Amino acid sequence: MEIPDVTMTINSTNASADTASLDATLAGLDLAGRLSFVAGLGGRAVFTTSLGIEDQVITAAIGTHRLPIDVVTLETGRLFKETVDLIDETEERFGIEIRRFRPEQDDIDAYAAKYGLNGFYESVEARHACCHVRKLIPLGKALEGAAFWITGLRRGQSGNRAATPFAEFDAERNLIKINALADWDIEQIRAYVAEENIPVNPLHQRGYPSIGCEPCTRAIKPGEPERAGRWWWENDEKRECGLHVAGAEQTPPVSAIPQR
């Protein structure tokens, strides 16, 4: 694994140039090289895992190479049991801690009072509000003090993600987002998992290529896009939880969150 001898300082003033340079550098590296390079730039690096097959590949690389990258997950309170069980299995397998960030019960109660516990089925606004409470607020806490946010986004996951770069500046959170697997397709992912014997969510074998909260995820049909089972009752262009959508952090839908 050959890592370029490059020192970079990422700052908001030169964000576009810094990010473009970093994107070009990462394009020439393999997965372990990309993660090692980012870990060596200085500043806290955080990887958010949903325990999906892509994220398991990144977690395996972090654990195998003992990289100084914090691994965190958003335990929304509505995950599949298989996903929750995989957290412990993954920690044990790779000797790492996956730190869990959970929503506040007061926020959940306020959401339920406004929309109903399962109100996300009734409107896009209600679904976005649920994701805001269960994902976006915990994500903000997970990324506090981070300079780099590593994700498992891939270009092949959906049309919305077809232009995913290796590095992009997140102005709302004032950090650099690193999409370390942007150019991997699902066949590369599966081959790597098989070669390295990486534990994966058993739901993948039951027709769930993309796994989120249990009430909002279904198995897909043959020929459907990988993320077709996420919020399947909505139009494709709206099928994002807000974690990777510009503007979602600062301008959420009508809030169900109480003022404190």
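Placed from the backbone N, Cα and C atoms, the Cβ positions cover glycine too.
What Swiss-Prot records for C241 is active site, nucleophile, and it gives sequence analysis as the kind of evidence.
If you look up Swiss-Prot, you'll see C130, C131, C213, C216 marked as [4Fe-4S] cluster binding site. Under 8 Å, Cβ to Cβ, and six or more positions away along its own chain, C213 ([4Fe-4S] cluster binding site) finds T76, R78, L79, R134. Classification of C213 ([4Fe-4S] cluster binding site) by DSSP places it within a strand.
Each of the binding-site residues C130, C131, C216 was scored by the number of other CB atoms within 10 A of its CB, and the lowest score belongs to C216.
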